[in-house]
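Structure first, then comments.
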């Protein structure tokens, strides 16, 4: 099925690729915002009204003042208000991407717009993973593996995989989940509970910690490096490995969809869609499948 889909994308008369790469890139960002910029009642009501027109009218889609206003809105809700309330990390990236578009439309010549937007998308991805990697090195609980051990044994998204790979009963993992819920939502005089785990989980969690540091670190390095360095040529492969090894299990859809959109944008070369661009586009289209709890399907075989 995937092969047929990619073949269809290669056809010269494919409707999508009659659009310029810049137009496709801007529409992807708008679609991301339309799906996920609904954090409160105000945004949920007014943003669809604001975001649908550029999908219908090209003049609005490429209007620099429209994107400047959108950048202001996103900066207020996702950067400024983050100082006083919690904002998910991937929403910061939404704001950075919108600001990048506004800067490109204001200050780049027409023939350079997609090149500059592609460059900024690459830098946003690189810096995002750079700071993520630095943060992991500064977190002792990540370096010693306890973060993943706790997550894998208390988060139901990982129960199926954890149970099969580490020979632990699914009921023990559900007991951890229940104990954590009681700890958070009730008065627990001990302020703690005994985590049901085993040596195998501890070992795999330690490995997973350093695998995460490695793959995120390589993404940071390859995306921040200039193209003249040979290692930079592998940036898309590292990002693809990260996507395949992360999102079928840890379904953080907001981060996955903006990452695939930025991946598409940065992979454009000489104003042309590349094979990597098509891959990111397929990921973007198939992301709704992450609503299927793949890891929990393992429970059917336990």
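Glycine is treated like the rest: Cβ placed from N, Cα and C.
Looking at 121-139, 140-158, the range annotated in TrEMBL as transmembrane segment turns out to be 121-139. Among residues of the same chain six or more beyond the transmembrane segment (206-225), those with a C-beta under 8 A of the stretch's C-beta atoms are 122-123, 125-127, 129-130, 132-133, 136-137, 142-145, 147-148, 152, 231-232, 234-235, 238-239, 241-242, 245, 266. No contact links the transmembrane segment (93-109) to the transmembrane segment (43-61), because fewer than 3 Cβ pairs that are 6 or more residues apart lie under 8 A.
Most Cβ pairs under 8 Å to the transmembrane segment (43-61), among the stretches 21-37, 68-87, 121-139, 237-259, belong to 21-37. Just going by CB pairs under 8 A, the stretch in 68-87, 121-139, 237-259 that sits most against the transmembrane segment (21-37) is 237-259.
Non-local neighbours of the transmembrane segment (121-139) in the same chain are 93, 96-97, 100, 147, 209, 212-213, 216-217, 219-224, 235, 239, 259, 262-263, 265-266; each lies 6+ residues outside the stretch with a CB under 8 Å from one of its CB atoms.
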